[in-house]
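Swiss-Prot lists 3-167 with the feature domain 'EngA-type G 1'. The feature GTP 1 binding site is assigned by Swiss-Prot to 9-16, 56-60, 119-122. Per Swiss-Prot, domain 'EngA-type G 2' is recorded for 176-352. Marked as GTP 2 binding site by Swiss-Prot on the basis of sequence analysis: 182-189, 229-233, 294-297. If you look up Swiss-Prot, you'll see 353-437 marked as domain 'KH-like'.
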Amino acid sequence: MNNLVAIVGRPNVGKSTLFNRLTKTRQAIVNEEAGTTRDRQYGKSEWLGREFSVVDTGGWVVNSDDIFEEEIRKQVLLAVEEADVILFVVDVMNGVTDLDMQVATILRRANSPVIMVANKTDNNELQYNAPEFYKLGLGDPYCISAITGSGTGDLMDLIVSKFNKETSEILDDDIPRFAVVGRPNAGKSSIVNAFIGEDRNIVTEIAGTTRDSIYTRYNKFGFDFYLVDTAGIRKKNKVNEDLEYYSVVRSIRSIENADVCILMLDATRGVESQDLNILSLIQKNQKGLVVVINKWDLIEDKTAKMMKEFEATIRSRFAPFVDFPIIFASALTKQRILKVLEEARNVYENRTTKIPTARLNEEMLPLIEAYPPPSNKGKYIKIKYITQLPNTQVPSFVYFANLPQYVKEPYKRFLENKMREKWNLTGTPINIYIRQK
């Protein structure tokens, strides 16, 4: 189970730069015009063989240059509640501010370890400013420069040393893990209640630390499954969940620990930015997807035409991944709830699809010969052999070609679409790799 590292701090201390440094990305919030928040605050990192997730909670705050103290407080409370390790970023060039003091007051009550990161220590002289931060009462300030990378390797060592030991979970690998995710008020709690009913349906619960996901095993409607449950569904939130960054961070653990994500959309509101943010997390983690249009009972025009238009809109907003089941349901009336579980199980089975090598080549090579990759500067690309990789999280295929470097993304999407036409891969991402033959 991945550990979660949260970066907190007041504006302009270098949180985004540190996030990019830790996740080895250039998806900077820095120097970027405001737009969609997808993919900007969440990333994966690995150090000393330990994989963990990094979240910059401040990335969801609008107009962070003029942030209100209340928003900072909510951001820090979120980190205290959710994170395994908290990075409190301060600025050695500006010294201790009133806002730093307020953040530190909250963090001193945190159960998770807090590492105070003294950023912008771009030269040795600036290190002499760091002792000022002892007054915050959070131990030693750790000097780094997020821009140059100075000190970040040692910081990663320290982060990993703070992680709890891996919890051993006794889970049956043959039983699917479903997570219900979605923005606030989309009906997550209602559909969970519709799934599980009374507590007597619980078979067993397995939990690690208080911040770990709880895997609750159920047998409903003849289905055996684990429901991945985090604090976000049943626990009363300490922070107002209307905050966009809050609902997205809440979804991280559920998504990471699930096989299939049931994404709830509100039929009365359509697709909103938070839905796309959560979808992005699902795709980044390569999880199966079932989309549920909840509150369909509140829509007056329930004609087949309206359903088709609604479905087309969703697929266009979720593109390029469009091969997933969409179910129009009502958690309140339990309309099509059984269908949701059926589709989730089907997607789980599709994730484990194994296609024999002989069939892959029989079906795909004639198609490739008829529609070959576009030539590049007079060089013709030939794909000669296809095989499926073993032991992968999702179906993954290798196409062996003479000039793999010239096979572009549009042609890979063409191959993926043709594979989805020939085999049932609905709801699951697939990977296509082009390699030298």
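Using N, Cα and C of the backbone, Cβ positions are placed for all residues, glycine too.
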Original post:
Roughly where does the domain 'EngA-type G 2' (176-352) sit in mean pLDDT, to the nearest integer?
Top reply: 78
Original post:
Which one is it: of the binding-site residues G182, N185, K188, W296, whose Cα lies the shortest distance from the Cα of T121 (GTP 1 binding site)?
Top reply: G182
Subject >> Which listed residue (T121, N185) has most other Cβ within 10 Å, given these are binding-site residues >> reply: T121
Original post:
Which residues in the same chain, at least 6 apart in sequence, have a Cβ under 8 Å from the Cβ of G182 (GTP 2 binding site)?
Top reply: K188, S251, L263, M264, L265, D275, I278
Original post:
DSSP says what for the domain 'KH-like' (353-437): how many helix, strand, coil residues?
Top reply: 31 helix, 20 strand, 34 coil
